[in-house]
């Protein structure tokens, strides 16, 4: 069995354990428990963000959405460490924060450049403090940005 098939089987088994009425859906509240049971460890904020993204108003998640979410989350789990490592270059004080203007200059002028508009759009909903962004917020923004997917 291919790794993807094994992973999908694991997701399905965990999902089915919480699908008590066997209707192919779990509640948003159970989502974090199911995610943790397959090796993911989402924070409460991540769970809130995920719920906003995938809840169609019913408060339920079907297996297709769950599987897609987990596949995407696992795909980016390695890159999260890479993003955090790259962020350290900008974290001059070692306190987990970087200057947004330094990030903007680099991301719009080096490598696979973003336009200034793409950068501004990417950070428009980011939580910042005094022109600084925290590493965890930066990771969240990068992972959810269409510019990096």
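Quick reminder: no glycine exception, Cβ is built from N, Cα and C everywhere.
As given in Swiss-Prot:
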type    : residues           : note
DOMAIN  : 6-41               : domain 'EF-hand 1'
BINDING : 19, 21, 23, 25, 30 : Ca(2+) binding site
DOMAIN  : 42-76              : domain 'EF-hand 2'
DOMAIN  : 78-113             : domain 'EF-hand 3'
DOMAIN  : 113-148            : domain 'EF-hand 4'
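Where Swiss-Prot records a feature, it is marked here on the structure.
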residue : record              : DSSP (3 states)
19      : Ca(2+) binding site : coil
25      : Ca(2+) binding site : strand
30      : Ca(2+) binding site : helix
Item to complete: Please list, for the domain 'EF-hand 3' (78-113), how many residues fall into helix, strand and coil according to DSSP.
Response: 18 helix, 3 strand, 15 coil
Discussion item. Can you work out which residues elsewhere in the same chain, 6+ from the ends of the domain 'EF-hand 2' (42-76), have a Cβ less than 8 Å from its Cβ atoms?
Written reply: 7-8, 11-12, 15, 19, 24-29, 31-32, 34-36, 140, 143-144
Item to complete: Could you pull the average pLDDT for the domain 'EF-hand 2' (42-76)?
Response: 87
Item to complete: Please indicate, using numbers and ranges, the residues of the same chain that are 6 or more beyond the domain 'EF-hand 1' (6-41) and have a C-beta under 8 Å from a C-beta there.
Response: 47, 50-51, 55, 58-63, 66-67, 70-71, 73-74
Worksheet, complete the sentence: Near Ca(2+): residues not in 19, 21, 23, 25, 30 with Cβ within 8 Å of the site Cβ centroid are 18, 20, 22, 24, 26, 27, 60
Item to complete: Mind checking which of 23, 30 has the fewest other CB atoms within 10 A of its CB? They're the binding-site residues.
Response: 23
Discussion item. These are the binding-site residues: 19, 21. Which one scores highest on other Cβ atoms within 10 Å?
Written reply: 19
Discussion item. What's the number of neighbouring CB atoms sitting within 10 A of the CB on residue 25 (Ca(2+) binding site)?
Written reply: 18
Worksheet item: When DSSP states are grouped into helix, strand and coil, how many residues of the domain 'EF-hand 2' (42-76) land in each?
Response: 25 helix, 3 strand, 7 coil
